[in-house]
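> Dumping what Swiss-Prot says about this protein:
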DOMAIN    38-256  domain 'Radical SAM core'
BINDING   53, 57, 60  [4Fe-4S] cluster binding site
BINDING   97, 128, 188, 260  [2Fe-2S] cluster binding site
């Protein structure tokens, strides 16, 4: 494999300082070298264990330290999770992501998590999980169960990180990513824009991600969703152009990674989302609520796809078929139908 040069902070800062139109042009050129610009990967995310998290992430309504009105729930039954996965597949998703509000999974829960992964894979969906810190053995067990992706975000730069989280170190996050990679699972890791960070911090986050031994296959870029009761509830809104700029820099720095629009898409108008796709975003969460924050309704997503001429990307998975792909493509190319949206809203 050819040596991949490491990025420097000054190089990344220069990208952020480029005139926006020049930056978008460069990002779109890079994007077209590695991806079909009309294809977007579609995922659904389910919270399989909600609330009562012992961590103190200042942005998160799931932390037990903040009064956000979120009711804590135990780990969902395996069949409940698989039923949600079936609905996600019927609605057109090709990847099903399962998130649990834990510092780390308990050993007693591992057999259930393995069954969830196996069940999702048996449907022909890609399986992704985000469960907090993992041990080497836990990462290997999930890999053996067939897990495709593991999400563990770095959130922000190492320098700003201590202002947001104190219950888990930055190095712990990097260690988990290494364990996931060593187990043979693809890495999903990104961060959040709007925490109160500077442009230098955004550059520092992307620098960490791009300079990993192997960059993440998937890079979610979140816009802070301000939740009443969390310490960041009164943060300033993120300027749309600043967010688009972050997407473009991520695309240039990690040309073969999927750059995903994740939390915060509900706050974006169609024009902002469209410019994010121009900047190189090529993955979204579709439909179901994004953990505990709103996600645009399916029909709005489909309408936007039609307006922009975008298509959901087909995903080759074991034991799968393309039924969900055909459903979604049909919905994208034809007017809304009761049959499709009843299926999507089940």
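Keep in mind that glycine also has a Cβ here, set from the backbone N, Cα and C atoms.
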> Roughly how many Å lie between the Cα atoms of residue 260 ([2Fe-2S] cluster binding site) and residue 53 ([4Fe-4S] cluster binding site), rounded to a whole value?
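Between the alpha carbons of residue 260 ([2Fe-2S] cluster binding site) and residue 53 ([4Fe-4S] cluster binding site) there are 25 Å.
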> Distance check, please: Cα of residue 60 ([4Fe-4S] cluster binding site) against Cα of residue 97 ([2Fe-2S] cluster binding site), rounded to an integer number of angstrom.
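Roughly 18 Å, rounded to the nearest whole number.
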> Since the record lists 53, 97, 188 as binding-site residues, which of them has the fewest other Cβ atoms within 10 Å of its Cβ?
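Sparsest of the binding-site residues 53, 97, 188 by Cβ contacts within 10 Å: 53.
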> Rounded to an integer, what is the Cα-Cα distance in Å between residue 128 ([2Fe-2S] cluster binding site) and residue 53 ([4Fe-4S] cluster binding site)?
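Between the Cα atoms of residue 128 ([2Fe-2S] cluster binding site) and residue 53 ([4Fe-4S] cluster binding site), the distance comes to 20 Å.
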> Do you know offhand how many angstrom separate residue 57 ([4Fe-4S] cluster binding site) and residue 188 ([2Fe-2S] cluster binding site) by C-alpha?
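Computed Cα spacing between residue 57 ([4Fe-4S] cluster binding site) and residue 188 ([2Fe-2S] cluster binding site) is 19 Å.
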> Tell me, how many other CB atoms lie within 10 A of the CB of residue 57 ([4Fe-4S] cluster binding site), whichever protein chain they belong to?
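A count of 23.
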> For residue 260 ([2Fe-2S] cluster binding site), list the number of other Cβ atoms lying within 10 Å of its Cβ atom.
24
> Cβ within 8 angstroms of the Cβ centroid of 97, 128, 188, 260: which residues besides those meet this for the [2Fe-2S] cluster site?
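So the additional residues around the site are 43, 45, 95, 130, 149, 151, 218, 220, 283.
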> Using the alpha carbons only, what distance in Å do you get between residue 97 ([2Fe-2S] cluster binding site) and residue 53 ([4Fe-4S] cluster binding site) once rounded?
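Cα-Cα, rounded: 19 Å.
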> To the nearest Å, how far is the Cα of residue 53 ([4Fe-4S] cluster binding site) from the Cα of residue 188 ([2Fe-2S] cluster binding site)?
21
> Within 10 Å of the Cβ of residue 128 ([2Fe-2S] cluster binding site), how many other Cβ atoms can you find? Include all protein chains, please.
24
